[in-house]
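Okay, structure first, notes after.
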Amino acid sequence: MGGATARVPAKINLHLGVGPLRDDGFHELSTLYCALSLYDEVTVRAADDLSVTVRGESRRQVPADATNLAARAVVALATHAGTDPRVAITIAKNIPVAGGMAGGSADAAGALVAAARLWRLDITRDELLAIAADLGSDVPFSVVGGAALGTGRGERLLPVLHRGELHWVLAVAGTGLSTPDVYREIDRLRARDEDQPTAAGTARPDPLLQALASGDVHAVAPLLHNDLQPAALSLQPMLRRTLRAGREAGALAGIVSGSGPTCAFLCADADAAVSVAAELSGSGVAKAVRTASGPVPGARLVPIN
Ligand SMILES: C[C@](O)(CO)[C@H](O)COP(=O)(O)OP(=O)(O)OC[C@H]1O[C@@H](n2ccc(N)nc2=O)[C@H](O)[C@@H]1O
Ligand SMILES: Nc1ncnc2c1ncn2[C@@H]1O[C@H](COP(=O)(O)OP(=O)(O)OP(=O)(O)O)[C@@H](O)[C@H]1O
C-alpha cells in the first residue's frame, strides 16, 4: 500500500505580543513567526485502523493514540473530504516536546499535507489552512513556514519579507511547560501588576519587520521580544540562568521561544552559533543544545525514491 511523508519545521516567535484575553479563551496576538531548520517527519500509510507510532528520543512524552494532534488532523481532513480516516501515522520526532516550538502543531501540519497527498484530495490551500486553524493556533504557520506575521489568535497569517539566514542556538529544558498554563500565568501577572511597561500587546512590530527585510542580524537582535517571557520565567525561574549563559557565551540576544521553556539565541553567523552551542553545552544549563537556521519553508512532501 502507498504512503506519503511530509517534513515540517519547528518555529520560534521573533516577536510575540500578547493582547487581552478574548471571550473565547484565547488571547489576541501580534506575532512574527519564523520557521527553523529543526524538523519532524510525518508518514501516513493506508491501514486497517487509525494508529500512531512515534520514533525518536522523546517518543515517551508524546501520546501514541487518537489524542495525538497528527491523528486529530487526519480525522479532521477525512471528515472534510468524506474519506475513510484509517491510516497508520508514523512520526519521526525531533522537535522538543512541550518546548514552545510548535512540535505538536508541526505534526498536525505534516499529517494534513501527507494525508491530502495519500488520498489525492482536490483541496485548496485556504481549505487546508482553515482545517489547520481549527486544530490549533500555530498549525496554519506550520503548514506555511518561512516568516509570517500572525494576528487573531495567531492563525491569520501574512508572509513577510526577509533577507538572508538567521543562525540560532536552542537550549532545550529538561521539563516542558504547558501553553495554557503560561497564558494563565501572564494573565495572573498582569492582574497583579496593572502597569505593564514592557508589554508589546497587539501593536505591529514594524522596526523588527524592517530589520528582517534588511537582513541585518545586528538590527534584528535587539528587537526580539516575547510578552510571554515573564510568565515562562515565573514558572521556571531557572530559565534566567539559561538566558544569561547564552549571552555570556557570545549570542547577540536570547529569548524564551513562544510559551517556553526552550530558549533561542540569535548569533552573528553559523560559526558563532557553533561556538555558542559548544559553550552552552558545557555550562550545564540545558538538557540539550541544538543549532538551527531560518526562515525555512513550511510542511513539504518528501519525494519517494
Ligand atoms: C505560544 C504560541 O506557540 C505562540 O505562537 C501559541 O500562541 C500557542 O499556540 P498553540 O499551541 O497552537 O495553542 P492552541 O492549541 O491554539 O491553544 C492552547 C491554549 O493556549 C491558550 N492560547 C493559545 C493561543 C492564543 N492566541 N491565546 C491563548 O490564550 C489558550 O488557553 C488555549 O486553550
Ligand atoms: N504530535 C504531537 N507531538 C507532540 N506533542 C503532542 C502531539 N500530539 C499531542 N501532543 C501533546 O501536546 C502537548 C504539547 O506539546 P507540543 O510539543 O506541541 O508543545 P509546544 O511545542 O510547547 O506547543 P506550542 O509551541 O505550539 O505552544 C504535549 O505535552 C503532548 O502531550
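One is the number of the first residue shown, and numbering goes on along the chain from there.
Every residue gets a Cβ built from N, Cα and C, even glycine.
Feature annotations, reproduced from TrEMBL:
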type	residues	note
ACT_SITE	Lys11	active site
ACT_SITE	Asp138	active site
BINDING	Pro96, Val97, Ala98, Gly99, Gly100, Met101, Ala102, Gly103, Gly104, Ser105, Ala106	ATP binding site
DOMAIN	68-146	domain 'GHMP kinase N-terminal'
DOMAIN	209-281	domain 'GHMP kinase C-terminal'
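Structure coloured by features recorded in TrEMBL.
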| residue | record | DSSP class |
| --- | --- | --- |
| Lys11 | active site | strand |
| Pro96 | ATP binding site | coil |
| Ala102 | ATP binding site | coil |
| Asp138 | active site | coil |
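Per DSSP, the domain 'GHMP kinase C-terminal' (209-281) is made up of 42 helix, 11 strand, 20 coil. For Lys11 (active site), the nearest of the recorded positions Ala98, Ala102, Gly104, Asp138 in terms of C-alpha separation is Ala102. The distance from the Cα of Ala98 (ATP binding site) to the Cα of Asp138 (active site) comes to 13 Å. When the domain 'GHMP kinase N-terminal' (68-146) is classified with DSSP, helix, strand and coil residues number 46 helix, 7 strand, 26 coil. Checking the recorded positions Pro96, Ala98, Gly104, Asp138 for a CB within less than 6 Å of any atom of ligand 1 leaves Asp138, listed in sequence order. Working note on the binding-site residues Ala98, Ala102, Ala106: by count of other C-beta atoms within 10 Å of each C-beta, Ala106 ranks first. Among the recorded positions Lys11, Pro96, Ala98, Ala106, the residues whose Cβ sits under 6 Å from any atom of ligand 2 are Ala98. Separation of the C-alpha atoms of Asp138 (active site) and Gly100 (ATP binding site): 10 Å, rounded to the nearest whole number. For the binding-site residues Pro96, Gly100, Gly104, the greatest number of Cβ atoms within 10 Å around a candidate Cβ is found at Gly100. The record gives Pro96, Val97, Ala98, Gly99, Gly100, Met101, Ala102, Gly103, Gly104, Ser105, Ala106 for ATP. Within 8 Å of the mean position of their Cβ atoms, the other Cβ atoms in that chain belong to Ala10, Ile95.
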